[in-house]
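K.L.:
Here's a structure for you.
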Amino acid sequence: MNSFDSENLIINSETSTKSAEASDAKTGQIQFDVLTLFPEIISNYVNSSMMKKAQDRDLISCKIHDIRKFAIDEYGHVDDTLYGGGRGMLMRAEPLYQALKSAEDSSRSKRLNIFLSPKGKVFDQDMAKEFSTYDQIILICGHYEGVDQRFIDECVDLEVSIGDFVISGGELGALTIIDASSRMLTGFLADAEAMQDESHYHGLLESRQYTKPRSWLNREVPEVLFSGNHKLIAEFKYYDALNETLTKRPDLFQKLDLSDEDLEGLANFRKNNNIE
């Protein structure tokens with residue numbers, strides 16, 4: 001099992017004993033393996049749009065493992081009642097363990113086992129960047145009342161949450177990690193610079209964006225965007241992004257390391273654009 005330093009986002013993995021030739025066999029920069037009771041949820045997403053293109057370009061590979069194929073009996077049972085009482089059913093350790101072992105790829109020297117859990121560290125852009133450095137990420141989707149703690153203790157490197165709320169299973173969290181981490185790979189976007197303009201990439205929200213028509217319901221596109229002056233446009237977009245972050249995510253704004261010049265420029269931007 002690998003270890004993850006959640007404070008510094010430093011992940012250390014076991015080094016594979018396989019020869020260098022073995023690493024040449026991998027089919028993408030990252031192999032995502034999803035352990036789930038609902039394969040169709042994962043399949044429908046990863047086989048469409050940008051995820052499918054990323055696989056076609058050999059940037060990622062996505063493999064789906066149906067936990068129920070490792071059921072403890074012929075009836076497909078993978079869960080049981082809780083010791084000590086409690087409502088609902090708990091996923092047993094044995095089917096999860098067997099599914100995990102079937103997913104492990106020994107040719108992948110840097111691997112991380114993630115359990116999607118409301119108890120986990122909340123997923124963010126820094127984690128997406130870190131995860132994009134891995135050869136293999138195994139995403140374990142719980143359901144029902146969760147999973148046997150012994151499986152977590154034995155097999156899980158990191159518990160990850162996508163927010164402070166509860167949903168029915170880990171599938172949406174797994175897809176979120178796959179999508180956000182894949183976007184960090186070179187070649188995922190046709191325009192490499194476009195990724196750096198997206199919200200959260202540098203800790204900022206993205207600036208506001210506009211397309212045709214130039215006027216709509218008496219709302220006008222900012223005139224500077226038609227100026228052709230790339231320096232002025234870049235400056236406008238920077239301070240607009242700062243203002244978007246300040247007004248919509250003040251928690252993120254407080255984390256920014258801004259100079260006096262940045263703050264003065266933001267104040268002037270707000271004044272010139274009649275922003276209170």
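Each Cβ is built from the backbone N, Cα and C atoms, and glycine gets one as well.
Unlike curated entries, TrEMBL annotations are predicted automatically.
What TrEMBL records for this protein is below:
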- GLY142, ILE162, GLY163, ASP164, PHE165, VAL166, ILE167: S-adenosyl-L-methionine binding site (BINDING)
- 31-255: domain 'tRNA methyltransferase TRMD/TRM10-type' (DOMAIN)
K.L.:
Of these binding-site residues, ILE162, VAL166, ILE167, which scores lowest on Cβ atoms within 10 Å?
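P.N.:
VAL166, out of the binding-site residues ILE162, VAL166, ILE167, has the fewest neighbouring Cβ atoms within 10 Å.
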K.L.:
Looking at the binding-site residues GLY142, GLY163, which sits with the largest number of other Cβ atoms within 10 Å of its Cβ?
P.N.:
GLY142
K.L.:
Taking the Cβ of ASP164 (S-adenosyl-L-methionine binding site) as reference, which residues of that chain separated by at least 6 in sequence fall under 8 Å from it?
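P.N.:
Residues satisfying the criterion: PRO118, VAL122.
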K.L.:
The domain 'tRNA methyltransferase TRMD/TRM10-type' (31-255): mean pLDDT?
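P.N.:
Value for the domain 'tRNA methyltransferase TRMD/TRM10-type' (31-255), mean pLDDT as a whole number: 94.
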K.L.:
Can you name the residues of this chain that are 6 or more positions from PHE165 (S-adenosyl-L-methionine binding site) yet have a C-beta less than 8 Å from its C-beta?
P.N.:
PRO118
